[in-house]
Amino acid sequence: MSYGNHVQLKVYKEQEQAVVPVSYEELEAAAKEKLEASPYYYVAASAGAEVTAKSNQEAFNQWKIVPRMLRDTTNRDLSVELFGQTLPYPVLCAPVGVQSIVHPEGEIASARAAASVGVPFISSTASTHSLEKVAAAGEDGLKWFQLYWSSDREIAASMVKRAENAGYRAIVVTLDTPMMGWREKDIENAYLPFLMGQGIGNYLEDPVFCSRLAKPPQEDLIGAVTQWSQVFGNPGLTWEDLQFIRMQTSLPILLKGILHPEDAKLAIEYGMDGIIVSNHGGRQVDGAISAIEALPEICEVVNGEIPVLMDSGIRRGADIIKAVALGAKAVLVGRPYIYGLALAGDAGVKQVLRNLIADLDLTLALSGRTSVRELDKSLLRKM
Ligand SMILES: Cc1cc2nc3c(=O)[nH]c(=O)nc-3n(C[C@H](O)[C@H](O)[C@H](O)COP(=O)(O)O)c2cc1C
Ligand SMILES: CCCCCCC(=O)C(=O)O
């Protein structure tokens, strides 16, 4: 465990070279200051009146930590086991597409930073850079690939094969975004990065996608963007279709975007290896249940049969403690690391992740626990 027992001193020392603010609120404000309005709001804003986005964070406050004393917390272990791998912390970088809108190096810088901190990186289908380049940047760090299931199933199959060949160790199928939610800020700004060719870089390296184009993308980018818009999402998918992806790979498959306990049961029934409780950071269905509210009931029906991960609203160490105590094996972090990227490239991502992990470590110890594996509901009260 790299933070050891002198975590405060280490963190204070790192602040001498700080490249991003420590507090999430200041981090977001600094990103807002730095970025143009359109990309900033593409990242920060959510669907509709953003009620769900706000409740993703506020709902954590319904759960209170009740710390225990005199329990020798000198040595601590933040690691968890997932699909036969040991993760040093119960934290992963959420798949976030089109990262070049905030920093030219985009996913390359994020994957490099995540690997250096020991945090697995989930690379999006909608990445600016090809999944192969992102994998190479992440070096020997653990990487998963997130699939947006194209309406052209041969493209979906090709993406999965490429991911397998490039060394990704799990496939995350995102279910909640067959089309984009009603994102008012993006509509006001008339901004969809994909229409300007950003975020389709990974498609442009896909042999099956390119075989569908009348002309090579270098000669006709507009044609490629038009083709992308026709095949990107697949609202026609049903549970039966999961069989197709299962046949393409022996890697573990996780479903991302699960909020209903019945869907969690179906995921098990259809042979999935894990689920991610998520409302896409409030970007899809405004009015949807917050992820932390959905989590306990889902963990109850899953009953340990497959790992349950969660995202949407993770901002601080205490949020991670609460999610894990309520049954999540690990959490995904989205916007915080993207703001780090916007402000300082890979150094920014690295610092955001290290701060979050240090906060997690301290909060664990001060709650009277020595291992994230010990966390359960006995630590919490609902108020
Ligand atoms: C700018 C942006 C782009 C995203 N792109 C993707 C994506 O390509 N694939 C995906 O599954 N989720 C995507 N997400 C959702 C994240 O994976 C994650 O569910 C969400 O950001 C978690 O909420 P948080 O930002 O509150 O941490 C995106 C989120 C943001 C903010
Ligand atoms: C046309 C929809 C593209 C969405 C890809 C990125 C994403 O998931 C997001 O939330 O934004």
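Each residue, glycine too, has its Cβ placed from N, Cα and C.
Residues or ranges marked as domain 'FMN hydroxy acid dehydrogenase' by TrEMBL: 16-383.
In this structure, Arg183 (glyoxylate binding site) belongs to neither helix nor strand by DSSP; it is coil. Take the CB of Arg183 (glyoxylate binding site) and look out to 10 A: across all protein chains shown you find 21 other CB atoms. The glyoxylate binding site feature in TrEMBL is assigned to Tyr42, Tyr148, Arg183, His280, Arg283.
In the three-state DSSP scheme, Gln146 (FMN binding site) is classed as strand. The feature FMN binding site is assigned by TrEMBL to 95-97, Ser124, Gln146, Thr174, Lys256, Ser278, 311-315, 334-335.
Within the same chain, the residues at least 6 positions away from His280 (glyoxylate binding site) whose Cβ sits under 8 Å from its Cβ are Thr174, Asp176, Thr177, Gly181, Gly257, Ser312, listed in sequence order. What TrEMBL records for His280 is active site, proton acceptor.
Residue pair Lys256 (FMN binding site) / Tyr148 (glyoxylate binding site) shows a Cα separation of 10 Å. Annotation note: Lys256 (FMN binding site) sits in a strand segment as assigned by DSSP.
When the binding-site residues Asp311, Gly313, Arg315, Arg335 are screened for a Cα within 10 A of the Cα of Tyr148 (glyoxylate binding site), none qualifies.
Here the C-alpha separation of Gln146 (FMN binding site) and Tyr42 (glyoxylate binding site) works out to 20 Å.
For ligand 2, the binding-site residues lying close by, meaning a CB under 6 A from one of its atoms, are Gly97, Arg283; the full candidate list was Gly97, Tyr148, Arg283. For Arg283 (glyoxylate binding site), applying a Cβ distance below 8 Å and a minimum sequence separation of six or more within one chain yields Ser46, Ala47, Ala53, Thr177, Gly181, Arg183. The maximum pairwise C-alpha distance among Tyr42, Tyr148, Arg183, His280, Arg283, the residues recorded as binding glyoxylate, is 19 Å.
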